[in-house]
Amino acid sequence: WIAFPFFIMYAIAVLGNITLLLVIKADPSLHEPMYLFLAMLAFTDLVLSTSTLPKMLAIFWMGSGKIGFVSCLVQLFFIHTFSSVESGVLMAMALDRYVAICRPLSHSSILSVTVVVALGTMVLVRGVLLISPACFLLHRMPFCQHHIISHSYCEHMAVAKLSCGDTRVNAIYGLFVALLVVGSDTFLITVSYTLILREVMKSPTEARRKAFSTCVSHICVILAFYVPALFTFLTHRFGQSIPPHIHIMVANLYLLVPPTMNPVIYGVRTKKIRDRVLLLL
C-alpha cells in the first residue's frame with residue numbers, strides 16, 4: 001500500500017514536468033533565461049524521479065528485488081549526477097532572479113541565451129566529472145560478502161558498505177563532493193536572495209508583496225531539495241543511531257518531492273506558463 005502515494009507523486013512529477021517542457025518549447029516568448037532554467041530543472045527532475053521510482057515500484061508490486069552490478073552503477077551515476085545538476089540549476093535560477101531584480105536593465109546582456117546554455121552545460125559537466133570517480137572507485141572494490149542493499153535504490157555509500165575492502169576513500173570522497181556542491185551552491189543562493197531581499201525592501205508596497213511571494217515559493221523549493229539531501233548524505237556517515245526506515249523514507253522523498261513540487265510551484269505560480277497551459281487545455 002505504501003507504493004500508491006509514491007506512484008501518485010511520480011505520475012504528477014512526470015505529467016507536470018513534461019507539460020512544462022512542451023509548453024516552454026512550443027512558445028517562443030518563453031525562450032527567456034528564467035524559463036530556459038525552468039526547462040533544465042524539469043528535465044533534471046524527470047531523470048531523477050525516473051532513475052528510482054520505476055524500480056522501486058517493481059520492488060513493491062512485483063517483488064523484483066534484484067539489480068545487476070553494472071545496472072546498479074548506472075542508476076547510482078544518474079541519481080548523484082543529476083542531484084548535482086539540480087543543485088546547480090537552482091543556483092543558476094537564483095542568480096537569474098538576482099540579475100532580473102537588482103540589475104534589470106542589464107539582464108538581457110548579462111544572461112543571454114548563449115550564457116544560459118553555457119551555464120547549463122557547465123553544471124552538467126561538473127556533475128559528470130565529480131560523480132564518475134565515485135563509480136570508478138566502486139567498480140574496483142572487492143565484493144565478497146552479502147549483496148543485499150539496505151535501500152530502495154543504489155546509493156553510493158549503501159553500495160560501498162557491501163564491500164569487504166576499505167571504504168574510507170569512498171566515504172571521504174563522497175562527503176567531499178556533497179559538501180563542495182551543496183556548500184558552493186547554497187552560498188551563492190544565500191548571497192543572491194539576501195541581495196534580492198535588500199533590493200525589494202526599497203520597492204513600493206505592492207511590488208514588495210509580489211517579490212516576497214515569489215522569493216518565498218522559490219525558497220520552499222530550495223529547502224525541499226537541500227534539507228532531505230543533506231540529511232541523507234550525512235546520515236550514511238554520522239547517523240548510525242537513526243532507524244534505517246527513517247533514513248530510507250527521507251532518501252526517497254528527497255528524490256521525489258522536489259520533482260513533484262517544482263511543476264506546481266513554478267508552473268501554477270508563473271502567470272505566463274499558467275496561461276499557456278490553460279490555453280493548451
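Using the three backbone atoms N, Cα and C, a Cβ is placed for every residue, glycine included.
The following features are taken from TrEMBL:
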type: TRANSMEM; residues: 6-24; note: transmembrane segment
type: DOMAIN; residues: 16-266; note: domain 'G-protein coupled receptors family 1 profile'
type: TRANSMEM; residues: 36-61; note: transmembrane segment
type: TRANSMEM; residues: 67-89; note: transmembrane segment
type: TRANSMEM; residues: 110-131; note: transmembrane segment
type: TRANSMEM; residues: 171-196; note: transmembrane segment
type: TRANSMEM; residues: 216-234; note: transmembrane segment
type: TRANSMEM; residues: 246-268; note: transmembrane segment
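Counting same-chain residues at least six beyond the ends of the transmembrane segment (36-61), those with a Cβ under 8 angstroms from any Cβ of the stretch are 2-3, 6-7, 10, 13-14, 16-18, 20-21, 24-25, 67, 75, 78-79, 82-83, 85-86, 89-90, 92-93, 96, 113, 116-117, 120, 123, 152-153, 252, 255-256, 258-260, 262-263, 266, 270, 273.
Taking residue pairs at least 6 apart in sequence, the transmembrane segment (110-131) and the transmembrane segment (246-268) share fewer than three C-beta contacts under 8 angstroms. When Cβ-Cβ distances under 8 Å to the transmembrane segment (216-234) are tallied for each of 6-24, 67-89, 110-131, 171-196, the top count falls to 171-196. Under 8 Å from some Cβ of the transmembrane segment (171-196) lie the Cβ atoms of residues 80, 84, 87-88, 90-91, 94-95, 97-98, 101-102, 126, 130-131, 133-134, 137, 156-157, 160, 211, 215, 218-219, 222, 226, 229-230, 233, 236-237, all in the same chain and six or more residues away from its ends.
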